[in-house]
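Enquirer: Sequence annotations record features per position, and here TrEMBL assigns NAD(+) binding site to 173, 174, 175, 176, 177, 178, 179, 180, 260. Summarising the annotation, TrEMBL assigns FAD binding site to 300. Residues or ranges marked as disulfide bond by TrEMBL: 44-49. TrEMBL lists 7-316 with the feature domain 'FAD/NAD(P)-binding'. What TrEMBL lists as domain 'Pyridine nucleotide-disulphide oxidoreductase dimerisation' is 337-436.
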Ligand SMILES: Cc1cc2nc3c(=O)[nH]c(=O)nc-3n(C[C@H](O)[C@H](O)[C@H](O)COP(=O)(O)OP(=O)(O)OC[C@H]3O[C@@H](n4cnc5c(N)ncnc54)[C@H](O)[C@@H]3O)c2cc1C
Ligand SMILES: NC(=O)c1ccc[n+]([C@@H]2O[C@H](COP(=O)([O-])OP(=O)(O)OC[C@H]3O[C@@H](n4cnc5c(N)ncnc54)[C@H](O)[C@@H]3O)[C@@H](O)[C@H]2O)c1
């Protein structure tokens, strides 16, 4: 691409927003460098999705056993240290595997903290490296409450590495991380209290389904404190005191600050190139270019209006790969992005929401899946779904609450992505009897 620079493309960060595109790009012969100061693979692989879902396996096994009831004998309990060891065994090899994937494709991996010197030069641990194009893929980091004692609280990475499960956990916030980790900790035997900012739990999800999940967690012993107005954390012997509400106090063994994530631009020297980050990240145009045309941003750090999720980071990384290798000059067009919260039951959704359907005049059909034979196989007590069709009868949105929800939504996805009509949908014939088949044939 360029003879004036050491690299054609240099990525800052080695999460999905970088490595998913960087490796195939390097394989096309483009000169690629990836700079990482921590573990290759970034948040999702090491301290996010993969780590979390490894811990969740034991939770799902106990839920399954609970639902099957008298078909199984004996009580199942979760052994936390062994569950944690399982997570380590799955996750620990991944950074090295991903490094191999990058270097075998021909990319150079540079280790250290990257900082802008100018629009084509990045300092890595003090050494300058130049590139024609630079991709900022630095992700986000946990938000910390600005209150006295905030340093006594932990973040999601700490939870995912807990050697022993505390007896009582207090979680601040009621988003994805709060509800997923409350589900895991509660199933593994901890007492959990969730302190809400306002009244709403999982604000991005269909609230009638959220209420089913909340009611189930309450039944299992999780306490929800709405509008908690958390004011301070303090040590109290071996424990901690949370001050909230109107001078109320709660004693706990461990505090998780799950109040969201903020752009990771610390010591990146964005000012050297005239860029700034807002709360949603660094502004980009429809080609993922920042205000400096040869500097791009992708994944969580890019303020695109897309949710901060791994499939988005991967999609954007692959888009940039096609752009840098000359395979496209088109603007980025993101397809319907599904999302899920890994509670039990899970809530998964894709496409149009019920609120949007009401505005558009589209048709919402609800299904009580607990009475559908396929969902009776494992006796799931909470299982509901809804599908949204447009005026031509095409599926444009779907939401499900059940332990099967993510797979059911994945099965419906092709129809929404490709806007299939009912004749085309009838050509999607799945294996029977499976969840993928049931997702289409249960009305
Ligand atoms: C607990 C948790 C659970 C999650 N679960 C899910 C899930 O189930 N499904 C889902 O889709 N999403 C999930 N997410 C979100 C998902 O992890 C992110 O959307 C995804 O990791 C974004 O990828 P990224 O490459 O943009 O950023 P990251 O993965 O955060 O990668 C950024 C990388 O940049 C490096 N870096 C930063 N600054 C510098 C610098 N100056 N120099 C060098 N290196 C630098 C960092 O060390 C990091 O490795 C979860 C997130 C968390 C925190
Ligand atoms: N299954 C998944 O896909 C998954 C799982 C975990 C995380 N993630 C990603 O990571 C991001 C971060 O997760 P998260 O749960 O930290 O963020 P979130 O945005 O989902 O939730 C943040 C919560 O903190 C609350 N909050 C904000 N300020 C507060 C304050 N001052 N006091 C009390 N509560 C406050 C909010 O009301 C909200 O309930 C998610 O938005 C998502 O992009 C995805």
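Cβ coordinates are placed from backbone N, Cα and C, and glycine is handled just like the others.
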Enquirer: Where does residue 173 (NAD(+) binding site) sit in DSSP terms: helix, strand, or coil?
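Expert: DSSP call for residue 173 (NAD(+) binding site): coil, neither helix nor strand.
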Enquirer: Can you figure out which of 173, 175, 177, 179, 260 (the binding-site residues) comes closest in space to residue 44 (disulfide bond), comparing Cα atoms?
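Expert: Closest by Cα distance to residue 44 (disulfide bond) among the binding-site residues 173, 175, 177, 179, 260: 177.
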Enquirer: What Cα-Cα separation, expressed in whole Å, is found between residue 175 (NAD(+) binding site) and residue 49 (disulfide bond)?
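Expert: Just about 15 Å between their Cα atoms.
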Enquirer: Roughly how many Å separate the Cα of residue 179 (NAD(+) binding site) from that of residue 49 (disulfide bond), to the nearest whole number?
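Expert: About 14 Å separate the Cα atoms of these two residues.
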Enquirer: Helix, strand or coil: which one is residue 179 (NAD(+) binding site) in, per DSSP?
Expert: helix
Enquirer: Considering only the recorded positions 44, 173, 175, 179, 260, 300, which possess a Cβ situated under 6 angstroms from at least one atom of ligand 2?
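Expert: List returned for ligand 2: 173, 175, 260.
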Enquirer: Ten-angstrom check, please: count other Cβ atoms within 10 Å of the Cβ of residue 44 (disulfide bond), all chains counted.
Expert: 23
Enquirer: Measuring Cα to Cα, how many angstrom lie between residue 177 (NAD(+) binding site) and residue 300 (FAD binding site)?
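Expert: Between the Cα atoms of residue 177 (NAD(+) binding site) and residue 300 (FAD binding site), the distance comes to 16 Å.
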Enquirer: Ranking the binding-site residues 173, 175, 260 by other Cβ atoms within 10 Å, which is at the bottom?
Expert: 260
Enquirer: Between the Cα atoms of residue 49 (disulfide bond) and residue 300 (FAD binding site), find the distance and write it as a whole number of Å.
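Expert: Here the two Cα atoms lie 14 Å apart.
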